[in-house]
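Here is what TrEMBL says about this protein:
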{"type": "REGION", "residues": "1-26", "note": "region 'Disordered'"}
{"type": "COMPBIAS", "residues": "8-26", "note": "compositional bias 'Polar residues'"}
{"type": "DOMAIN", "residues": "168-250", "note": "domain 'SP-RING-type'"}
Amino acid sequence: MSQRYRDTQGFNSQSNDGNNAGSGPQIQLQSRLHSLRSDIQTTSELIEQAVRLCTITGLDLSDIGDTAKVQQVDQTLRSLIDTQQSLALEQRLISQAASSLDSETAESQYSRGYERETRKYAAMDERERYGESVVYREFRQQLWDLKHEGEPMPALFGGEEGEEDQEEEEELVFAGARITYKCPITATWLTDPVTSKKCKHSFSGDAIRALIRGQSGNAACPVVGCAHRITLRDLQQDAILERKVANHLRQLEEQESAATYTMVQ
């Protein structure tokens, strides 16, 4: 059983108090579960911030060729993914416990489920744990693109599908989250990019904010075919994308310089 759930078990004795009658124990149970959900949500948000920081740090270290530290960041990211999986498991079990009529049943169901699923996850190999993680594959894809933009990324783990099958799978995994380096509003390179939490489309910060304000704070996503509406609260600063845009522009500049040098020669 997770420490988070164990720390809430003070309501067991309270639930059996003879002074409590009727729906008292059930109300206490639901209150405790609500508190747990809130704690998990807060922790999940902190983990997401750490994941973004890992990606930015990994890109910076890769850019200067510090392979050893990139590997350390990779291991840190894997640990964060493990934590995300644990939090997701707790969230599912808490939702199941919410339907229980008493705290003892809820605790028993939670304990059995947590131990069973934790053992199952521990028995997985690294391909099973991280090979299907969108977070991990995006991280490795961005590291690859930094040095090999436009080239297909090789399999991350032994036993994965062939390159053709892998590309088909990634089309499904990343569908709807394709990244472009130009703003769909201005049709120019992204500046101070932000990404919508709803549809994952990205825009230049000033451009999308102006569009939203001009439509009473609730604008249709300007990407053709997207049915989502966006508010200012849906926008998230995208430092990773900003880093990728800068790298892309630098590569274009280097290519132009090389082409100019060749012509002069």
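For all residues, glycine too, the Cβ spot is worked out from N, Cα and C.
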Segment confidence, the domain 'SP-RING-type' (168-250), expressed as mean pLDDT:
85
Provide the three-state DSSP residue tally for the domain 'SP-RING-type' (168-250): helix first, then strand, then coil.
30 helix, 16 strand, 37 coil
